[in-house]
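Engineer: Okay, handing you the structure first.
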Amino acid sequence: MTEAVSNFEAPPMSRRVLLNALLSGSVGVVVVGALYPVVKYFIPPSAGGGGEGLIAQDALGKPISVSELLATHAATDRVLAQGLKGDPTYIVIDNGAVANYGLNAVCTHLGCVVPWNVGENLFKCPCHGSQYAANGKVIRGPAPRSLELVSATVDGDNVRFSPWQGPDFRET
């Protein structure tokens with residue numbers, strides 16, 4: 001019987017070829033790592049939440065009671081809650097009732113959480129000084145857009161957040 005014997009051998013890899021391959025691989029990893037956030041920035045976020053929305057929760061994850069909320073807060077207060085996708089979201093109290101909208105508390109400039117300033121009746125970003133009116137409309141600073149709106153409805157004794165549908169009433 002005849003055996004087929006292959007005399008093919010790979011040529012030995014020189015140091016130069018090995019170092020070039022390692023350097024190219026390293027540069028490729030760095031370039032891909034640097035491009036990922038850039039590409040992610042240009043892809044719009046999904047709407048999040050479901051059609052039914054999400055019950056607003058306090059910092060401990062307990063549903064917020066509307067009756068308790070209105071009894072313990074001023075008639076024009078803004079109360080921080082966990083909103084859609086876990087983002088900090090303000091429940092807006094206007095004239096002693098829960099408004100039909102809430103405000104995402106994340107600054108549109110660089111993503112800081114914007115606290116409500118009761119004394120000045122506005123939101124002030126501690127990072128770069130952006131200021132927002134009581135309805136979330138940007139009034140000063142580097143922030144490019146107003147705070148994002150979410151729909152807020154009273155469901156029994158709870159506040160339910162859902163994605164905002166329709167035009168921004170603050171722009172009219």
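Just so you know, glycine gets a Cβ as well, placed from its N, Cα and C.
Pasting the feature list from Swiss-Prot:
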type	residues	note
BINDING	Cys107, His109, Cys125, His128	[2Fe-2S] cluster binding site
DISULFID	Cys112-Cys127	disulfide bond
DOMAIN	61-161	domain 'Rieske'
TRANSMEM	19-39	transmembrane segment
Engineer: Rounded to an integer, what is the Cα-Cα distance in Å between Cys112 (disulfide bond) and Cys125 ([2Fe-2S] cluster binding site)?
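Structural biologist: If we compare the Cα positions of Cys112 (disulfide bond) and Cys125 ([2Fe-2S] cluster binding site), the gap is 7 Å.
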Engineer: Count the residues of the domain 'Rieske' (61-161) that DSSP assigns to helix (H, G, I), to strand (E, B) and to coil, and report the three numbers in that order.
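Structural biologist: Helix, strand, coil within the domain 'Rieske' (61-161): 10 helix, 45 strand, 46 coil.
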Engineer: Just to confirm: which same-chain residues, 6+ apart in sequence, have a Cβ under 8 Å from the Cβ of His109 ([2Fe-2S] cluster binding site)?
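Structural biologist: Same-chain residues close to His109 ([2Fe-2S] cluster binding site) (Cβ under 8 Å, separated by 6 or more) are Cys125, Cys127, His128, Ser130, Gly141, Pro142, Ala143, Pro144.
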Engineer: Within the same chain, and leaving aside Cys107, His109, Cys125, His128, name every residue whose CB is within 8 angstroms of the centroid of the CB atoms belonging to the recorded [2Fe-2S] cluster site, in sequence order.
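Structural biologist: Other same-chain residues with Cβ inside the cutoff are Thr108, Leu110, Cys112, Val114, Cys127, Gly129, Ser130, Gly141, Pro142, Ala143.
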Engineer: If you average pLDDT over the domain 'Rieske' (61-161), what do you get?
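Structural biologist: PLDDT averaged over the stretch: 88.
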Engineer: I'd like the number of other C-beta atoms within 10 A of the C-beta of Cys112 (disulfide bond), please.
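Structural biologist: For Cys112 (disulfide bond), the 10 Å Cβ neighbour count is 16.
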